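Below you'll find the structure, written out as structure tokens, and then a few comments.
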Amino acid sequence: KDPVGFSDSGSPYVIDLGGSPEMSPNQTLNPEVKTTPSPDTVPIEAETSETKAEAVEQERLEMLLQELQNKVEENPQLQKFKDQILFEITQDGLRIQIMDADNRPMFDSGSARLKPYFEDILLALADTIRSVPNKISISGHTDATPFVGNNGFGIWELSANRANAARRALVAGTYPDSQVARVVGYASSALYDRENPTNPVNRRIDIVVLTKKAQHRIEGDQNSGGAPPVKPAPA
């Protein structure tokens, strides 16, 4: 017999100098493996995942930009209009701007009827744009030349109708209508050439291949009942 009462068996208690047994903080009578991550690590992991997703999306948009530029350079029909088609990566995504020129307007004057060559441009771009899963936003812009049509039809309605005409052309070119997040008219409120408000380049159609963040912001604004964009109206 051990004179000091030593036992080989383990004990779930640690020695309390005050004389009372306490449960070990590292032991329980029914130990279970804890699989829940520490709360302070969850935001970091989520942030890392989001950053990776954004990097992948950025790379996808840059590849799309290159494909579109190549298409314009290699397609004889598009090459004629390359000075009227601009591409750039922005915070909201890949922006494609198709602008008027003095000798090559996209629409009939005061109308939302597409010129045949502008429709051909949209049809040619549609197939490439649809290769990515991102939704798009389409906006119409006019210059600051005063215009008033029948029943108060003005440049706000005109720009919205032109944006919608561009949407119809893209859909005719096999672009899924469900992938269009927004169609909006800005009239002359967002001029490309602010110093020359009547410059033809201010008459343009902008197509933005949206990042997920931009898409969610647009959808959130629409669902929250914010001020709606100008909807297409009968000409």
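Each residue, glycine too, has its Cβ placed from N, Cα and C.
TrEMBL lists 23-39 with the feature compositional bias 'Polar residues'. Marked as domain 'OmpA-like' by TrEMBL: 94-213. Residues or ranges marked as region 'Disordered' by TrEMBL: 1-50, 216-235.
Taken together, the residues in the domain 'OmpA-like' (94-213) have a mean pLDDT of 95 on the 0 to 100 scale. Helix, strand and coil counts from DSSP across the domain 'OmpA-like' (94-213) read 43 helix, 31 strand, 46 coil.
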